[in-house]
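Trainee: Below is the structure I would like to discuss, written out as structure tokens.
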Amino acid sequence: MSSVLSYESLVHAVAGAVGSMTAMTVFFPLDTARLRLQVDEKRKSKTTHMVLLEIIKEEGLLAPYRGWFPVISSLCCSNFVYFYTFNSLKAVWVKGQHSTTGKDLVVGFVAGVVNVLLTTPLWVVNTRLKLQGAKFRNEDIVPTNYSGIIDAFHQIIRDEGILALWNGTFPSLLLVFNPAIQFMFYEGLKRQLLKKRMKLSSLDVFLIGAIAKAIATTVTYPMQTVQSILRFGRHRLNPENRTLGSLRNVLYLLHQRVRRFGIVGLYKALKPAAADVLTAALMFLVYEKLTAATFMVMGLKSTRKH
């Protein structure tokens, strides 16, 4: 129990949350372009900078940062939960010994499930707010009108029921493999490099963070697209597919995507998703530096072995 409720786990959680907020703020416009292409099927795929210029021209200079606060708030909570759970479970299971790739994957998966169940309502709301006021090409999308985070929660519960806050939970649970794979490769690459040197440079951390995220994103990207559509929840789906987030609906959306655009449609907006790779790389860099600095200032040494 002491390993779960430890100061060390708290440091990792805070550092992970701060790292993710910093990275997302820097690359937020790229994430806006990715989300817009995922949800608005009739928007033609273009280069990332062209999509952003189009959004700015049609919706204003600050449009690429629309929904920044709810996204950052959700990201802070989500990464705090994930990093805390991941490091606590790893401390309990590894118990001072060297970890393995298999253990990293299992711990990452369990941490992901806990994170999804606790924070999906935040992500549903921030997806709605981020896309509010967007100029869509797809006439099947129903516009929203929320005044803020609290109002969005209120309207969703009132009009769609409380379970609507967990729209996209099923693909999100499948997508826990994304951070699990990401952390598995990150920790594995980190162990390999630390066998050859005493400490990692900033460039080392940035590169292995980017590589780990690139692998995870490529493997799970089709489900990320479905997750975004379900979280938005404003498409007029046919009457047989009203239960958002069900396996039936996930398969329906995947089939529709392939039928309209072919297999490549499952990877629409993958290019702007490169923002995820850069965001993850910067997040890990800030996380590692902040964690090391905190332990140094407090005169403590991390007990976790990689």
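Glycine too: its Cβ is placed from the backbone N, Cα and C atoms.
It should be emphasised that the depicted structure is a prediction, and the values quoted were computed from it without experimental measurement.
As listed in TrEMBL for this protein:
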- 7-92: repeat 'Solcar' (REPEAT)
- 99-192: repeat 'Solcar' (REPEAT)
- 200-293: repeat 'Solcar' (REPEAT)
- 12-30: transmembrane segment (TRANSMEM)
- 67-85: transmembrane segment (TRANSMEM)
- 105-125: transmembrane segment (TRANSMEM)
- 200-221: transmembrane segment (TRANSMEM)
- 277-300: transmembrane segment (TRANSMEM)
Trainee: With DSSP, how much of the repeat 'Solcar' (99-192) is helix, how much strand and how much coil, in residues?
Mentor: 70 helix, 1 strand, 23 coil
Trainee: Can you say which of 12-30, 105-125, 277-300 has the most Cβ pairs under 8 Å with the transmembrane segment (67-85)?
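Mentor: The listed stretch sharing the most Cβ pairs with the transmembrane segment (67-85) is 12-30.
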Trainee: Cβ pairs under 8 Å with the transmembrane segment (12-30): which stretch of 105-125, 200-221, 277-300 has the most?
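Mentor: Most contacts with the transmembrane segment (12-30): 277-300.
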Trainee: Would you mind listing the long-range same-chain contacts of the transmembrane segment (105-125), meaning Cβ under 8 Å and 6+ residues beyond its ends?
Mentor: 70, 73-74, 77-78, 81-82, 85-86, 89-90, 93, 149, 152-153, 156, 164-169, 172-173, 175-184, 231, 233
Trainee: Report, as numbers and ranges, which residues of the same chain sit near the transmembrane segment (277-300): CB under 8 Å and 6 or more residues beyond its ends.
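Mentor: Hits for the transmembrane segment (277-300): 7-8, 11-12, 14-16, 18-20, 22-24, 26-27, 30-31, 79, 83, 182, 186, 200, 202, 205-210, 212-214, 217.
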Trainee: Of the residues in the repeat 'Solcar' (7-92), how many are helix, strand and coil by DSSP?
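Mentor: Residue counts for the repeat 'Solcar' (7-92) by secondary structure: 73 helix, 0 strand, 13 coil.
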